[in-house]
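Below: one structure, written as structure tokens.
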Amino acid sequence: MIKRSTLLAGLLFSCFGAFSQSDVNGNAASFYKNAEKVVLDPQTQALQFLRFKPGAYLQPAAFPEWLRTNLKTTDSEWREFSTFEDQAGFRLVRYQQYHHNVPVTGMVFIAHVKNGEVVSCNGEYKQMPATPLRTTLSAQDAYREALRIIGAKTYMWQNPAEEQLLKNITNNSAATYYPKAELVYAPVSGNFETDDFVPAYKLDIYATEPLERSIVYLSAATGKLLFKENRLHDAHHVGTVTTRYSGTQTIFTKKSNGLYRLDQDSLGVRIRTLNMNRQMGYAAATEFTDADNIWANRNTLNDDVAGDVHWGAEMTFKYYKTLHNRNSFDNAGRVMLSYVHFAQGFNNAFWDGTRMTYGDGDGAFMNPLTSLDVVGHEFTHGVTEYSADLMYFNESGALNESFSDIFGVAIDFNSRGSNANYLIGEDIVVGSGALRNMQNPNQFSDPDTYMGKHWKPLNGPDNGGVHSNSGVQNFWFYLLVNGGQGINDKGDSYNVPGIGMAKAEKIAYSTLMILTPTSNYADAATMSLVKAELLYGVCSPEAKAVSEAWYAVGVGTPYNLKAAFTAENDYYCSVPASVTFSNLSFNANTYIWDFGDGQTSTQANPTHVYNSPGIYPVKLIAVANAPVCGATSDTLERTGYITVVNGVSALAACQPTATANPQSGAGITKVVFNTFTKTSADALEGYKDFACNKKTQLIAGNVYDLTLGTGTTPQRARAWIDYNNDGAFDPVNEVVAVFTPFVVEAIMPVRTSPTAVLNTPLRMRIATDQVANSSPSPCGPLQTGQFEDYSVEFVAQTAAPEADFRASRNYILPTNKVNFTDISNFQPTSWEWSFPGGNPSTSTDQNPANIAYPGNGIYSVRLIVRNALGTDTLTRASYIHVGNVTGTAENLAELNQLTVYPNPATDKITIQYGFTGKKSLTVMLVNTLGQKVMQKQVTAASQLATELDVRNMAAGVYFLQISDGEALVTKKLILQK
């Protein structure tokens with residue numbers, strides 16, 4: 001397994017996160033000789049932090065041997081490969097682990113040298129077996145297999161002009177794109193945490209049609225693909241330029257043959273912007289020129305965006321040089337090359353390891369991708385490549401993307417001041433919107449909490465969710481700058497004091513400089529806290545803010561001593577009631593509990609029995625053996641926390657009949673409704689009554705999403721709520737959700753009744769059954785499914801409305817009509833709809849029906865809702881698409897029930913049908929050039945869902961066209977590699 005070590009110079013932070021534990025008793029030397037402070041991983045006991053005692057620092061020449069001995073990598077060696085001077089005055093020396101003279105991928109240690117001595121280090125290492133290196137695959141065989149896997153039509157090294165251009169850029173006559181098969185050790189599936197490392201060939205393959213650049217890792221024994229790493233990281237004269245997105249700005253240019261060019265070196269590094277003329281060959285790129293050095297180039301070719309890129313590159317260089325003393329992306333003055341107008345309608349921008357490339361967008365979904373935050377984002381991928389070199393998948397890839405977002409926004413604020421914000425790509429998205437929101441990642445279905453809502457699975461699509469899971473560190477940075485308070489997805493309350501942009505960006509940059517290729521979120525949290533303490537001091541407001549911001553996003557612990565606890569349940573329906581408490585305190589050693597019934601405990605995680613009904617407060621005092629930033633204890637008291645009653649929480653309803661033939665993999669496996677989440681096995685468990693302790697409070701009349709999982713078997717489902725509390729489920733008025741057949745998981749909005757009995761526990765029942773049973777009843781019988789009961793309690797609404805709505809379909813013909821459904825919360829009493837392009841164009845109905853759209857186009861919809869307490873407005877841009885479909889209304893109604901996920905996708909996409917039958921469908925995938933790149937025939941019989949393999953397709957925007965021979969619907973699809 002991977003062993004992580006975090007050995008940093010300077011002041012060790014006082015409080016360590018949930019990912020590590022510190023040696024608080026001063027026994028560091030018993031773990032490692034001459035260590036002043038040691039931190040061990042709580043699960044593996046691997047070394048995570050070490051600080052040498054003063055007077056026992058190492059000479060740099062002795063450090064590789066120290067690594068071999070103390071990390072128990074005696075069969076390996078450590079070779080120096082780069083150095084960097086950081087802002088704290090340390091010389092950071094990076095060492096690569098080699099085994100049998102072969103590099104071990106991702107295993108890098110950094111020595112922190114001050115005044116000629118190693119005082120600390122951090123990195124990753126692998127304890128490798130002593131078995132000799134064996135390979136059966138030749139380098140030439142590896143080359144052929146890599147090309148087979150990529151499967152492109154053309155490659156960069158096949159173009160002599162591109163080869164010569166690379167030699168010119170790098171000033172290296174031997175430079176080539178031709179892939180060299182390098183022998184390395186690599187993890188068998190790309191999981192650096194748990195995989196065994198095996199001999200592998202590593203090849204950098206740059207394809208031009210379709211566009212892809214990936215590092216391919218092949219088993220040196222079998223030729224099998226281990227994993228791929230994407231390298232295309234996606235989104236002296238003084239002149240005046242009118243930019244597309246940033247107004248009029250001043251730029252530096254060069255003059256040659258009477259014309260000014262977007263080329264300059266007056267800042268100390270060459271910055272050059274070139275025109276690809278909507279082609280894909282870099283060697284054929286041409287200069288942008290202007291006769292008077294006043295660049296006002298808004299035309300049909302969008303040439304004004306070259307000004308955005310050139311000015312953006314200058315601002316990016318100035319930012320890094322002025323604030324971080326970094327000289328270009330490689331910190332060695334490498335030329336900054338930007339290529340504009342890449343391909344036709346290309347909806348992306350990327351860093352490819354050499355240069356930045358920008359597409360013009362297709363005009364329908366994306367504008368030219370040349371805004372300042374995008375320029376800063378792509379350049380920062382280069383900074384990351386030449387520093388931490390974070391591998392582009394899973395958590396390290398999410399950090400890679402996040403650092404690009406962080407510095408893209410920081411550059412925006414540095415250059416545009418009050419015109420900047422925390423949205424990523426708001427200028428380049430057609431209509432209102434953006435790609436990501438650092439202030440509120442959830443807005444675009446990105447997580448703001450580690451492993452929380454919207455967290456994408458590791459080793460899954462999008463290289464393990466790199467463009468989405470980046471939201472965690474993005475939100476951390478926003479909180480660090482601005483501060484904030486709330487409750488995260490783990491239920492933890494946080495209150496972060498902001499420290500401002502200047503200090504936050506300094507800490508973030510310093511952190512990036514000491515991460516290593518396989519660093520994860522735990523490493524980022526640990527290193528940023530160490531850097532904050534080095535820069536501003538132990539127990540400083542800045543160090544506290546760093547730790548508190550990480551705690552807010554679900555990583556680590558608060559900085560100070562803190563008492564915290566929770567109970568398995570807080571509502572019990574009978575006595576005696578046995579309650580198990582979980583101690584969530586931080587930085588404490590002993591605990592004093594008061595259960596509110598006269599009983600106490602000093603156990604860390606006690607179980608207490610309440611023998612009488614009542615409502616009980618619970619208090620916990622957490623005590624530290626030594627002061628933590630001046631504090632020795634902290635107290636948390638929860639009033640009215642535990643409720644014990646006699647009887648059930650909701651009236652009993654009919655006892656469901658037993659399932660006739662319960663099946664493994666069917667039934668109810670997951671329920672999420674408002675504040676409760678329940679996971680369980682399957683239908684083999686039979687009827688389950690969770691009404692006592694799985695309950696939630698709802699506002700009468702509001703809409704809540706009900707998420708239901710049914711394992712691996714297609715199921716139908718229904719849900720009921722006993723609104724009038726009569727112990728029965730009315731088959732008409734108390735049905736709250738009807739699920740058509742679905743596989744694995746589905747979400748249904750539940751519009752609750754505004755007339756429900758208030759302030760009283762009410763029973764909620766859910767039933768699932770086989771597809772053939774089209775309408776399970778609340779009392780049975782069921783064939784293969786399951787019943788589960790829960791409890792809800794309604795309170796009256798006392799707030800202004802929150803507007804929300806949905807349409808019966810989003811893709812229609814001019815002859816079709818659309819019905820709109822109001823799903824606003826807090827009981828609006830009036831509705832004001834606007835339908836630009838529609839007939840009628842306005843309505844005051846709650847649920848307008850039969851809205852016609854006679855003209856082709858893409859239209860927005862607006863809803864204004866009011867009640868006595870206020871008003872709210874919601875506008876959905878680009879919501880109704882007219883004319884991008886063909887067919888009859890009946891057929892389109894079925895095709896509009898199709899759902900496609902995940903989107904964005906990486907390896908595969910799933911098309912799930914909302915209908916069954918013998919209907920045959922044709923599925924085509926078309927790129928932005930209008931070329932058909934995939935076609936498949938599927939039958940929507942009992943299949944319910946179809947998967948498409950897109951592993952070997954290039955990243956970018958595609959259009960998924962689905963037709964049944966009579967109707968066709970087009971859906972936008974984004975592939976990310």
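Placement of Cβ uses the backbone N, Cα and C atoms for every residue, glycine included.
Record features, source TrEMBL:
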SIGNAL    1-20  signal peptide
ACT_SITE  Glu378  active site
ACT_SITE  His467  active site, proton donor
DOMAIN    590-622  domain 'PKD'
DOMAIN    801-882  domain 'PKD'
Check your understanding: Counting across all protein chains shown, how many other Cβ atoms sit within 10 Å of the Cβ of the residue listed as 'active site'?
Key -> 29
Point to revise | Separation of alpha carbons, His467 (active site, proton donor) and Glu378 (active site) (Å) | key: 13
Check your understanding: How many of the residues that make up the domain 'PKD' (801-882) does DSSP mark as helix, as strand and as coil?
Key -> 0 helix, 46 strand, 36 coil
Review point. Could you count the residues of the domain 'PKD' (590-622) that DSSP puts in helix, in strand and in coil?
Key: 0 helix, 20 strand, 13 coil
